[in-house]
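Visitor: Mind having a look at this structure? Questions to follow.
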Amino acid sequence: MNVRMFSLMVGIFSVLNTTQFFIFDLNQKTHICYEAKFSIYVDSKSELVTWTLFHRANISTGLSLTTIIIGCFLFYCIHKNIYMGLLIYAMWIITYELINFSIVLLLNGIIKDHFKTLSYLHWIFQISHMLLHFFCLPFIVKHAYNLYKESQTVGRKRRHRLCSTIAVNS
């Protein structure tokens, strides 16, 4: 298998994996009982934590949909041999995982003691998600580097051919 094929597999993996974790995030229960609205989180005095908890579904939706779109953009860039698109994908995955890690870190601090085992599940999901994404990044970067080197070689040949044509016409 060549680096291009690995990059395509990374794109497929990224879209499917992001979709899977997006579904997990949307189906996560934070309240139990309909009348009492018993929350698994304690009340926090931090505005950032409260805002993150309140807008978690919107943040997850925005990040996941952006990642899926950028994953599809990765397919296009691999097909058209655009190395800059592969680098954009790599930078986005790093940003995406750091934001998700920050959210898990913030929200695990306010989980009630009765639900602490749930925080371990959050950590396992987050760390496995990060490891899987970060394991794939070297293949993307290597393919981008190969495309960059290839474009430099083609540029030199084109300049050499253009200079030869101008010299013959003179």
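A Cβ is built for glycine as well, from the same backbone N, Cα and C atoms used for every other residue.
Remember, predicted model here, so these are calculated numbers, not experimental data.
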Visitor: Looking only at what Swiss-Prot records, is Tyr120 on the same membrane side as Leu48?
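Guide: Going by what Swiss-Prot records, Tyr120 is on the same face of the membrane as Leu48.
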Visitor: By a Cβ-Cβ criterion of under 8 Å, what residues six or more beyond either terminus of the transmembrane segment (86-106) are in contact with it?
Guide: 7, 11, 14, 48-49, 52, 56, 59, 63, 66-67, 70-71, 73-74, 77-78, 122-123, 126, 129-130, 133-134, 137, 140-141, 143-144, 147
Visitor: Sort out the residues at least 6 away from either end of the topological domain 'Lumenal' (107-120), same chain, that have Cβ-Cβ distances under 8 Å to it, and list them.
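Guide: Tertiary neighbours of the topological domain 'Lumenal' (107-120) are 39-42, 44, 49, 52-53, 56.
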Visitor: Averaged over the topological domain 'Lumenal' (22-58), what pLDDT does the predicted model reach?
Guide: 76
